[in-house]
Amino acid sequence: MTYPPTQSDTDRQALLNDAIDWAVAHGLLIRPPVEKVSDSFENGSLVTHAPFTLYPTPFPRAEFEKAKGLQQPWNTLIHKLSVDDALITEVMKELSGVDDFMQKLYEIYLKTKEEGVMQRASLGIHRCDYLLHAEIGADTKSARIQQVEFNTIASSFGSLSTYTSQLHRYLLQASERYAAGVINIDQLPENRSVQAIAGGIASAWKLYGNPHARVMMVVQPGERNVFDQRWIEYNLLESHGIRLLRRTLEEIEDRGELNPKTKALTIDGHEIAVTYFRSGYAPTDYPSSKEWDARLKVERSLSIKCPTVAYQIVGAKKIQQLLSVPGRLERYVDVYTADLLRESFTGLYPFDNSAEGQHAYKLALEDPERFVMKPQREGGGNNIYGSDIVDTLKKLTVEERSAYILMELIRSPPLENLMVREGKLIEGEVASELGIYGIYLNDGDKAIVNEIGGHLLRTKAHSTKEGGVAAGFAVIDSPLLV
Ligand code: ADP
Ligand code: MG
Ligand code: MG
C-alpha cells in the first residue's frame, strides 16, 4: 500500500486547509521570521502554524517502546554524571583550552563549588534523540534506533509535539478522506509531553517550599518558538496554580537580586523557586559578560535550576563519546543496564591526541562520508559532514581537533510524507528523529521524580543532513506505530 494515501488534488487541498485551521485554532504556532513580518502587525500579533507533517510517519512500535524504556535509566545516569566531579574535571581538562564556551560554564561550576552550593536539588528536563538505522535497501520495520544525542538544557517542542499528535488524531477522526482503512487510531500513541514538563517544574516548585514564589523561564530576546514555551506556562497556572515569569539573561543581570544570607533569588519583587532555562545553551545567548554574570547569579542562588551548570556540562557530546568507551557506563549503572543503553550507541570516537584519536583522524580522512564531526554545541546547524570534515581537519591543530568528536552516520531508511511549512506542501522522501523527554528531580540525596515525559518526532527531507525545527531543517511530526 502506498503511504501516505494518494488523494485527488481537491481532497488534498481540503485536508491541508483543515490541518492549518486546526493548528492555528489549537496553538500549534510559531512567530514568523522578522523579515516576513510587515509593520502593520504590532506587538507580535502576526503568527503562523508551526511546520508539521500532514501525516504521521511510520515508526516501528518495538523501537518506540525500547526508546521509552531507556529514558528512566538515562535520567538516573545523567544525574550521576552531573555529580561526578572527577568526570567533569577530566572532560574540561581536554576542552578548556579549545572551547571558550565550555570553559565559561566550567568557571561557573568551579566558582559555585568553591563557595558552597546553596541548592542541592536539581531538576532535569532532558530529551534523548534517536534515528532509525537500517542497512541500505532494508525497510523501516527492520530498522533499529540509534542515539543521536541527549539534551540536558532547553529541550524544546514538548508542547508543540503534544499538539501535533493531536492534530494527526483530529485529521483521522474528522474525515474518511484522510486515511480511512490505512491508519488505525491505536497506532497513534498518546503524547502528554507538555503536561509532563509542567508537572516536573511543579514538583520542583513544591520542593522549594515557598507558596508565594514563582517559576522563572529564562528566554532569548526575540524568541520565535514562544508558543511552545507559553503552553508550559499556561499548564503550570491552570493545572498547578503556579505563576511563571519570562526573563532574559540581561534582565536577570539588571534586576535580579540575591539575598546575601539565604541566596534566595528575587526579580521585580518576586522570589524565584525554579529557574527553567530555554536560553543559555549557545554562545550567541551570551553576547557580553553581562549574560555570563546573570548565569553565575542564578547558579549561586537558592532557586532550583533546570538545568544546573553541571547538567549542562555533562550534556556535552564529549561525554556521550566517553560513555561509549568500554567499561565507562559500568561506573554508573549495573552491567545489564549498561548493555541495554549501549545497544543504541553508534560508533563514537575522540579527536584527541590519544591512539584512538589518531585512529579517528585517519578514519575520517579516508572515508568522510561515513561520519559526522561534532563540536560541543547545541541548537542544530553546528555539525560538519562529508568533504567539509576533510577541509576542517586540515585547518585544525591537534589541540583544536579535540574540541570535536567523530560519530558514525546513522542511515535512516527513506519514507514518504508531506511536510507543511508556512502553508506550503512539500512532498518527498523524509527521515524522522524520535525524541523521548525525561523528567527527573533529585533533592540532593535521592530521586523524587523519575519519569518518561512523552515524545517528539521531527521529520526532515531525507537528503538534508542536519535536523532541528528551530534551525529550519525539520518539521514536527508524530509516530505511526507499525
Ligand atoms: P544538536 O545538539 O545541535 O541538536 P545533534 O547531535 O542533534 O546536535 O545533531 C544535529 C542533527 O544532525 C541531528 O538532528 C541529525 O539530524 C543530524 N545528526 C547528528 N548526528 C548524526 C548521526 N550520527 N547520523 C546522522 N545524522 C546525525
Ligand atoms: Mg542537542
Ligand atoms: Mg539534536
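Glycine is treated like the rest: Cβ placed from N, Cα and C.
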Going by the Mg(2+) site in TrEMBL, where GLU149, ASN151 are listed, which of the candidates GLU369, GLU378, GLU399, GLU400 is also part of it?
GLU378
Of GLU149, ASN151, GLN229, SER279, GLU378, binding-site residues neighbouring ligand 2, Cβ under 6 A:
GLU149, ASN151, GLU378
Check the DSSP secondary structure of TYR281 (substrate binding site), expressed as helix, strand or coil.
coil
Within the domain 'Glutathione synthase substrate-binding' (214-314), how many residues are helix, strand or coil going by DSSP?
43 helix, 26 strand, 32 coil
To the nearest whole angstrom, state the Cα distance for the pair GLN229 (substrate binding site) and LEU409 (ATP binding site).
32
Nearest-integer angstrom distance between the alpha carbons (Cα) of ALA154 (substrate binding site) and LEU409 (ATP binding site):
25
Can you tell me which of ARG127, SER156, ARG224, TYR385, LEU409, our binding-site residues, come within under 6 Å of ligand 3 at the Cβ?
none
